[in-house]
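Per Swiss-Prot, the features are as follows:
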| type | residues | note |
| --- | --- | --- |
| DISULFID | C238-C240 | disulfide bond |
| DISULFID | C271-C274 | disulfide bond |
Amino acid sequence: MSDRLIKAVAKDGQVRIIVADTRELVNKGIKIHNCAPTAAAALGRMLTAGVIMGSMLKSDKDVITLKIDGGGEAKGVTVTSYANANVKGYIGNPSVDLEANALGKLDVGGAIGKNGSLLVIRDFGLKEPYVGNVPIYTGEVGDDIAYYFTVSEQTPTAVGLGVLVDKDLSIRKAGGVIIQMMPGADEMLADLITYRLQDLGSITSFLDSGKTIDDMLNFLFDDMDLKILEEMTPEYSCDCSREKIERALISIGEKDLKEIYNDGKTEEIVCQFCGEHYKFTNEEIGELLKNVRK
C-alpha cells in the first residue's frame, strides 16, 4: 500500500493541517542505510518531517533540506525534500542503537543529542538559499521542528512524528502531522487542538490500531469544518546521476581535482542518499580536469 499525505484546513482556514503515512518510504530509507533500531527511528522521523515540510513548498523547483546534529552518537541526520513530497536522507551513524529511554521508547533524543542545532535550508533558486537555524530543543525531532516554526517563522505549530520499528527491524508504522495556527486564529482553538492531540496519543499507536490518517483528521477536526485540499503520494526517491557527480567533482576546483588525478587511480564515488556507486577512471578524471581549466 502506497504512502499518503493529506493537506487540509479547518475553521475557515484558521488552521492548516498536513498529515502523512510514511511507512513505505521510511522502510526504504532504513534499508538503504542498514539502520539499527534507534537510527531507524531518528532517520524515519526526519524523513517524515521532510516530506511534510517539502509539501509546503510552492514551486516544483524549490528544495528544502533539514539538518539536525546535537553531538550525539547518531552523528547528525540530513534529509532533502521537494514540493512533490519526494524525500531522501541519511544518518551519520546508522549503527547507533541506545537503550530505551525513561518512557520505554527508542531513545532518539539521546542518539541525536541536545548540544547543537536544527538547520532548515530552503532553496528557491535564488543566489542564496534561506537558512533558518535554531538550537536543538529536545533532540526528539518533532519538538525541534515545532520550536523552529514557532521561533524562526513566528507560526505556532504542533508537530507529531512517530516510527514504530518491528522485531524484524522493518518499519511497522510511521507517520506524522503538522498543525499550524494561521495569523488571527482564535487562541481558544489552539488550546482545544492541544487537548485533542493529547487524547490522540502516539501517532504510531493510533495507526497500529488499524486506523488511518483519514481517521486521524476526523478525530481531531471533524466538528471544525474540515476541508481536504490535496492528497499526495510521498516517496523515498534519489535524483543522483553520473552527470551530477561529474558537476560535483568539477566544483571542488582545479587544485583538489588535480590531486585526485595525480593519484592515478580509478575513483569510486558513493551517493550518501541512496548508496549508488559511480566509478571514474583516471582518464575520465583527466577530462574533468580539462573542463575546470576552460
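Note that Cβ sites are derived from N, Cα and C of the backbone, with glycine treated the same way.
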Spatial separation of C271 (disulfide bond) from C240 (disulfide bond) - C-alpha basis, Å: 7
Tertiary neighbours of C238 (disulfide bond) (same chain, Cβ under 8 Å, six or more apart): K88, C271, F273, C274, E276
For C240 (disulfide bond): DSSP state (helix, strand, coil): coil
C240 (disulfide bond): tally of other CB atoms within 10 A of its CB: 18
Packing count at C274 (disulfide bond) (other Cβ atoms within 10 Å of its Cβ): 17
